[in-house]
Structure formats: structure tokens, C-alpha cells
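Taken from TrEMBL as is:
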type	residues	note
ACT_SITE	39	active site, proton acceptor
MOD_RES	39	N6-(pyridoxal phosphate)lysine
BINDING	138, 311	substrate binding site
DOMAIN	243-364	domain 'Alanine racemase C-terminal'
ACT_SITE	264	active site, proton acceptor
């Protein structure tokens, strides 16, 4: 892919806001280890600068989705001679077990995988965390008996070191009672397992603002450290800050006559003589067609996106003649990311995770 450095469209990431959010989460859990989630290229914010910033702040435990992401993150550690731990959420194929490093922890969510791995010929020692399905019904061991069997299977093979156990909350952002129900199930599993785990963790981003399981000594904040995935009122209440802002520029400005049409399918018709601007971002960048009719912020004005969003560019109606080169805010201080998500009928995680690598990332320290 071509390097994204020559187009006037960029995602600006505030690393001080990142540290603010991490410190806010840590302030609720001073005695607990936090495992920031860096999956999906740090939620498309850029895993390199995000990881380096957190490492410099003293963070030494991280979470990723899969083996490829662990390899990428380990390369950052090796380059900077960093000693840190990586938890991998997803399964690792048996033939790839030999790639697993001693500072990585694998998730054990299926009894069948454990039994299959024991039959596989590998010599490296694997540090593992059990995952308990406490009610989300996505991944994890479902019952106490299944969890006991999984633990026993692992302990019977000296190639496995059982370091931790965790679960994942499904409704921490909307249902405190439901989250407590999940936490109670997890506590009951812990109570009946005759094993001393080094790491016990259950809270994801919204769970990080709760304290529903005192048995846990760790948590896995993901979206919240990027300033997304929480209720709008929580930003002010907890001091969480959105770390990313999306900008572009007007690259062309023109006047059209009343009755003329704009864009593919002529989906917009001017009701009067109007000034329009062209902005170099489109659906190939992850700026989806549903943005038609929404607004961007230009020089003190909210300007409507008119016509169909194109692959590489889109058009907006301007309040009057504006010079080319003016900065356009697609989301940021004037248009919060959660507002974009609400208007698109989705979640802010998806909006930012759709932003393609064609968009340059810039970092403010």
C-alpha cells in the first residue's frame, strides 16, 4: 500500500489525551494491573506510537487479538529492548505454537483446543489464561465442571503454565445488574477452583468505571483509553478525552446554479445558486456513504455533505466563497466522534476502526 503522507487528509492523535485516559482508569484501580487493549492496530490509531507512549508511562502488560498482532507488538518491544507481557485473546493454530514467546499468554477458551494441543509435538512452554463465559456467550469455558477439567488438563502437562483467568462483560455500559450477575458467576467459578491464579481480570472499558469484582487484580481497558465507547455524559464526569480527530482540506471550490445537480445519481439538487467545496476523503477511506446529509465543520460553519460520498472525495455546501486549503473537521472538538456514530446509527468503535490506512496518522505529544 502507498504510504499515506501526500494527501491533505489526516487522523490527528493526541498522546497526552491517551495518557490522561489511562491515568483516569488507573486512578479507579490503583492496586490492579491494567492490560491496555491494542488489537486492530490500536483501534486504528496506530499501534507503534500508542504502545511506545504506554511503555514510556510504565505500562508493561498488553492485550491483542491474535498471533500476528502479538508478533507486531513484540517487534516494537525488541526494537526498544522492552520487557513486557502480551495476552492473546484468539486461538493459535497448533502448527504456530512454536512461534509463541515466553512473555506471551495464550487464552484457553475451549477444552477441545487444550486436549488437541496436548497431543501436538511442541517443546516451548506456554503461559496461559483461562477464559470463562460468564454470560456473553462468545468465547470461553461455560460451566464450572468444564473449567475444572480444562484446568486439570493444563496442570497435567508441564509445557503449560497457568498464569491467569478472566471473563468478559457484555453489558457493562448499559446494565449494572446484568454485569453484577456476570461478575457473581465469575466469582463463583473462582471460589470453587482450587488454584491460586497470578492474574485475575474481568473489566473491559465500561467495566473499568465500575468495581463489580473485588477478586480481580487486573483489568483490560480498550476503547476507553482512546476516548471512545462510553456514554457522552461520562466524558465530563470522569475526564475522559477523545484522542483522535479527523481532518481534511478543501481542495476545490466552485459555484453552481439553482437547479443543477451534484454527485453520482444526481442525488442532490441546488435550491439556489450555491458554493460547494470538494474534500479528498471517501468511502475507500472508511468514510461511508451514510455520511451524506451529515455536516462537517469549516471555519466556524457546519457545512452539509451533499451528493453521494464518492470513493476518494465528497462534496459539501458552503455558506459562501471560501479559499481552497481551508481545514475541514470531520470529527474532533466541534463534532464529537460519538455524535458521528449516533447520526450513522452505529458505534464510535466502528467509525474509527473503518478508517483506512490511506489516511495519514499524525501524533501530538
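Backbone N, Cα and C define each Cβ position, glycine as well.
What TrEMBL says about a protein is an automatic prediction, not a curated fact.
Remember, it's a predicted structure, so these values are computed and weren't measured experimentally.
Features per TrEMBL, on structure.
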residue	record	Cβ contacts under 8 Å, 6 or more apart
39	active site, proton acceptor	63, 64, 65, 66, 69, 89, 222
138	substrate binding site	168
264	active site, proton acceptor	307, 308, 310
311	substrate binding site	282, 283, 284
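Mapped onto three states, the DSSP output places residue 311 (substrate binding site) in coil.
If you take every residue in the domain 'Alanine racemase C-terminal' (243-364) and average the pLDDT, you get 98. For the recorded site, residue 39 (active site, proton acceptor), the DSSP three-state label reads helix. Here the domain 'Alanine racemase C-terminal' (243-364) has, by DSSP, the following mix of helix, strand and coil residues: 23 helix, 46 strand, 53 coil.
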